[in-house]
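*Asks:* I grabbed these lines from TrEMBL:
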DOMAIN    57-210  domain 'Yip1'
TRANSMEM  70-89  transmembrane segment
TRANSMEM  101-122  transmembrane segment
TRANSMEM  134-156  transmembrane segment
TRANSMEM  162-184  transmembrane segment
TRANSMEM  196-215  transmembrane segment
Amino acid sequence: FPGLADVSIPQDIPVEGEITVPVGSHSPDEDYSTLDEPVKDTIMRDLKAVGKKFVHVMYPRKSSALLRDWDLWGPLVLCVSLALMLQGGSADSKDDGGPQFAEVFVIIWFGAVVITLNSKLLGGTISFFQSLCVLGYCVMPLTVAMLVCRLVLLAGAGTVSFIIRLIVVGAMFGWSTLASTAFLADSQPPNRKALVVYPIFLFYFVISWMILTFTPQ
């Protein structure tokens, strides 16, 4: 602008004000890092987080706990435990049961991935790994059912044994299905919830059938 070069500012005029731009309050948690804590504290914190997720599955209710802080450690432990307990149940005496571990492991993870992809394609609002986390943790009731069935089979395989196993597996199947839908139903469009729940029903039904028909060699 012409003429501004000739304007002089008196030296005695005080200059006041802030020259920094506020960017929000600084929290001490921003400087916190897991690299600054002992390994023991990190492991204990992760174990507590996994334990809380197990509690949410045992008492299923609408909650974001499994979705907010997702992990795959719990599902991995449950999947391995269930596969180990189902190993060695083949009717063929020449089979040592070794391949069954891989079969159970693949069925569980492949089924969870297919259900997750189906949920995403139908417009689900949760992420891929959040869905895997929920489906994996909700296998816990069926893992408990497998443990009970193994103990019942120690007393012998008969009609009474089969009835007991049928009741236990049926109850845990319903528990797993209700727990998973309680966490996943709200993330789906209202008019497509049935299309999401049906594959979940089949997923846990297949696992339940494997548990019910298990007979040790």
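Going from the start of the chain as shown, residues are counted 1 onward.
A Cβ is built for glycine as well, from the same backbone N, Cα and C atoms used for every other residue.
These figures come from a predicted structure and were not determined experimentally.
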*Asks:* Under 8 Å between C-beta atoms and at least six residues away from its ends: which parts of the chain pack against the transmembrane segment (196-215)?
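*Replies:* That would be 82, 86, 89, 91, 104, 107-108, 111-112, 114-115, 118-119, 122, 124, 135, 138-139, 142, 145-146, 149, 153, 157, 165-166, 169-170, 172-173, 176-177, 180-181, 184-185, 188.
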*Asks:* What mean pLDDT does the predicted model reach across the domain 'Yip1' (57-210)?
*Replies:* 80
